Amino acid sequence: MSFNHREIEKKWQKYWEENKTFKTTEDDGKRKFYALDMFPYPSGAGLHVGHPEGYTATDILARMKRMQGYNVLHPMGWDAFGLPAEQYALDTGNDPAEFTEKNINNFRRQIKSLGFSYDWDREVNTTDPNYYKWTQWIFLKLYEKGLAYMDEVPVNWCPALGTVLANEEVIDGKSERGGHPVIRKPMKQWMLRITAYADRLLEDLEELDWPESIKEMQRNWIGRSEGANIHFQVDGHDETFTVFTTRPDTLFGATYAVLAPEHPLVEKITTPEQKEAVEAYLKQIQSKSDLERTDLAKEKTGVFTGAYAINPANGEKLPIWIADYVLMSYGTGAIMAVPAHDERDYEFAKKFNLPIKQVVAGGDISKEAYTGDGEHINSDFLNGLNKEEATKKMIEWLEANGKGEKKVSYRLRDWLFSRQRYWGEPIPIIHWEDGTMTPVPEEELPLVLPKTDEIKPSGTGESPLANIEEWVSVVDPKTGKKGRRETNTMPQWAGSCWYYLRYIDPHNDKQLADPEKLEKWLPVDIYIGGAEHAVLHLLYARFWHKFLYDIGVVPTKEPFQKLFNQGMILGENNEKMSKSKGNVVNPDDIVESHGADTLRLYEMFMGPLEASIAWSTKGLDGARRFLDRVWRLFVEENGELNPKIVDNPETDTLERVYHQTVKKVTEDYEALRFNTAISQLMVFINEAYKAPILPKAYMEGFVKLLSPVCPHIAEELWEKLGYSNTIAYEAWPAYDEAKLVEDEVEIVIQVNGKVRAKLHVPADATKEQLEQLAMEDEKIKEQIEGKTVRKVIAVPGKLVNIVAN
């Protein structure tokens with residue numbers, strides 16, 4: 001008989017909700033465990049089967065930790081600002097707030113149907129003014145400390161969408177959404193000075209229990225490099241420009257310089273003969289994003305300005321070019337090119353027939369750039385020195401002659417924080433007619449997003465908020481001075497930078513969260529989510545956390561102690577699930593056909609949590625069959641408990657496999673090896689089917705071990721075993737090391753290396769006892785009859801080999 005999952009799952013979900021089973025208390029006597037999921041963006045499409053994979057993993061840990069006596073914080077919320085809702089509003093004329101609310105209600109229903117043990121009283125929503133009041137408060141603090149500032153920056157402007165796009169949203173000069181042309185244009189934007197935290201963001205990675213690959217991605221993104229700034233004079237002008245280089249030792253090999261096309265000097269130094277070519281080039285590259293411009297595989301392009309720089313080391317004239325692979329936003333927007341020892345410079349020099357001068361011995365520079373180490377040559381006072389010595393000496397020379405200085409540079413840029421969007425947190429700043437700006441006073445927060453019937457791009461580069469005159473225009477009540485509110489909104493990253501803090505104290509209207517509660521719950525013990533957030537979200541959240549630490553709001557330097565990325569669930573054909581491919585699996589359908597417990601079990605059993613694995617209906621059916629077997633072992637056809645389940649039996653049936661199961665499942669859950677833990681649960685059930693009687697204590701222990709993965713069926717079986725309370729807070733099973741030892745082992749007996757018999761012997765039998773048992777075995781006696789035994793080799797617990805001829 002199979003169990004009725006629809007009935008059982010609804011029954012227990014109702015029970016948990018009515019009894020607030022998973023409400024987190026501030027119980028001081030217990031150890032704490034904070035299990036966090038990356039909260040979802042509530043899209044119109046609803047939950048897909050990829051979401052529950054990470055959610056089930058944290059839920060298993062949360063449920064186990066409760067049973068181990070921990071006070072567990074396991075919350076859920078919504079990252080609900082963002083582009084898709086705004087795009088929907090633009091397309092349909094509907095309010096993004098209503099659309100978002102509808103989607104959240106659907107997501108919440110779906111998540112509840114999967115039986116996760118969230119404390120729903122702590123739900124947060126980034127679009128709730130009571131939440132974003134504190135997002136705005138953090139912004140004001142950043143502004144107070146000089147970490148939020150306005151700057152004119154070249155941005156990816158998309159005229160059709162009427163907005164600025166992030167680099168990641170531009171592909172081949174077109175918007176990722178809709179494929180509209182994108183151009184680069186300078187605009188005033190809000191920036192956050194994340195670079196002020198670059199060193200700490202780098203160094204503190206060492207203390208975190210994170211996958212090495214994610215740490216490495218963050219290190220590369222921050223991109224710390226040591227070198228020197230070198231100042232170049234422009235020949236015939238009183239202008240200079242600075243380049244940052246990690247190889248100041250190769251300065252004698254510099255044969256040309258390259259400026260970013262946006263560099264302010266370009267206009268001043270371009271000669272009349274080159275003006276037309278330079279302007280044509282600037283027009284040509286207008287639609288390329290930074291990512292495309294720096295693509296190593298792309299053909300190099302560039303144009304000569306007609307001007308020359310003076311090499312400070314030897315007075316030689318270097319032609320100044322512009323090329324799109326040099327970015328104004330990286331380093332100083334200018335490079336010195338040493339083509340003999342840099343692949344990119346070499347390629348450029350070959351293409352445009354520029355000189356190549358070797359200054360480090362080694363390689364064949366007629367064929368390719370030599371990037372290895374060697375003695376310096378053609379380098380005056382550096383000749384004969386190696387890289388390290390030459391670098392040190394050149395920096396000393398530059399500093400002594402006022403031509404440069406030692407410098408640390410970062411790949412990390414300040415964070416472009418404004419979006420020309422309606423559906424985001426308003427930035428609480430007022431711009432006055434006299435050119436000054438002031439923050440909105442703290443007591444006036446939240447600055448609420450105004451309701452509007454018409455969300456359309458302003459077309460001026462401002463957000464749709466610029467169209468709402470009665471909201472934008474303000475008058476200073478004290479002076480009568482007129483002003484306009486900031487019309488840009490914050491990016492979707494803002495709300496997700498600190499949501500894990502709000503869960504700790506979600507209803508506090510006096511402060512972001514109570515310091516005592518933060519002290520108690522931080523840092524997050526396990527954070528599980530997709531690897532696509534490896535760099536930006538995690539870096540931004542760490543930056544805000546460190547800032548909040550500096551101003552005394554949070555007690556820890558880092559937010560997330562342990563991080564884990566689950567893999568992706570692919571379609572049955574091994575392709576990424578997508579609506580266009582028609583291979584999306586909807587969890588609602590699975591909950592209906594197989595049940596939430598089956599879905600949870602299957603997703604944890606598919607393979608290692610970090611692996612990307614194809615969905616398989618056969619695998620799903622297999623998971624359901626296992627749960628049916630479990631049910632049949634406990635429950636008779638008539639719904640009564642199996643009479644084989646007895647209290648205090650006079651036997652040690654199942655003793656060893658039970659203790660092995662408790663040990664393995666506990667260790668595997670802790671280490672997130674859910675697939676091998678489930679295999680062990682299956683081993684136990686197989687053994688139990690062979691047993692003549694089933695000791696009740698072991699069967700209860702099994703149900704407890706199963707409960708974090710399949711909570712509904714576990715609650716039902718717990719009730720069948722005679723308990724009236726939820727299983728959620730029952731004590732986690734313990735194992736006895738002594739019971740894990742096998743009393744008997746099977747050994748093989750070989751004659752001349754061939755297996756002739758197998759014997760069950762006591763696990764602690766000595767060599768002498770094994771020899772004796774082997775020689776007394778009837779089959780072996782037959783084999784060696786009439787032969788002389790030359791040697792007997794006994795390996796306790798394994799084998800006996802008899803050499804006879």
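Every residue gets a Cβ built from N, Cα and C, even glycine.
Within the listed segments 40-51, 112-123, 220-231, Swiss-Prot records motif ''HIGH' region' for the stretch 40-51.
Between the listed ranges 441-445, 576-580, 591-595, Swiss-Prot ties the annotation motif ''KMSKS' region' to 576-580.
In this view, Lys579 (ATP binding site) is surrounded by 9 other Cβ atoms within 10 Å of its Cβ, with every protein chain counted.
Across the residues of the motif ''KMSKS' region' (576-580), the predicted structure has a mean pLDDT of 82.
Secondary structure of the motif ''HIGH' region' (40-51), assigned with DSSP and counted as helix (H, G, I), strand (E, B) and coil, comes to 1 helix, 0 strand, 11 coil.
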